[in-house]
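Working notes, structure below.
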Amino acid sequence: MKDWLDEIHWNADGLVPAIAQDHETGRVLMMAWMNREALALTASENRAIYWSRSRGKLWRKGEESGHVQKLHELRLDCDADVVILMVEQVGGIACHTGRESCFYRVFENGAWKTVDPVLKDPDAIYEHAGHHHE
């Protein structure tokens, strides 16, 4: 039987874009990258685990903030080069800025306007972690 991971069209860096959506509202929470190991672990542990390109290592979403993403469903697009994670966002905050979604700016009149409130101060979220970005 063909390995389900072999069906994915990984990019030149061995990564696939992963979009996290709220499983109840459908709101897009964030986009990150996954390598083969991250996607396999996400499926086996039923929680979002990404690949941090900046840190060059696995990033277990919520490991510093507590804002874990519990996996409800995993979907693959028609070209097999993007995955969607339907998740329960623990704490209601996906973004390191303390907002529900990383997509909190809307293009209006030629400029990006911030439209979503900060739900929790990022310093309070990461005070025990030693840095500001998960």
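Cβ atoms are placed via backbone N, Cα and C, with glycine included.
Remember, it's a predicted structure, so these values are computed and weren't measured experimentally.
According to Swiss-Prot, the Mg(2+) binding site annotation covers ASP77, ASP79, ASP81. Look at Swiss-Prot and you will find CYS78, CYS95, CYS102 tagged as Zn(2+) binding site, backed by sequence analysis.
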Among CYS95, CYS102, which are binding-site residues, the residue with the most C-beta atoms within 10 angstroms of its C-beta: CYS95
Alpha-carbon distance [CYS95 (Zn(2+) binding site); ASP81 (Mg(2+) binding site)] in Å: 24
Between CYS95 (Zn(2+) binding site) and ASP77 (Mg(2+) binding site), the C-alpha gap once rounded to whole angstrom: 24
Alpha-carbon distance [CYS102 (Zn(2+) binding site); ASP79 (Mg(2+) binding site)] in Å: 25
Euclidean distance between Cα atoms of ASP77 (Mg(2+) binding site) and CYS102 (Zn(2+) binding site), Å: 21
Structural state of ASP79 (Mg(2+) binding site), classified by DSSP into three states: coil
Binding-site residues compared (ASP79, ASP81) - highest count of Cβ atoms within 10 Å: ASP81
CYS78 (Zn(2+) binding site): tally of other CB atoms within 10 A of its CB: 6
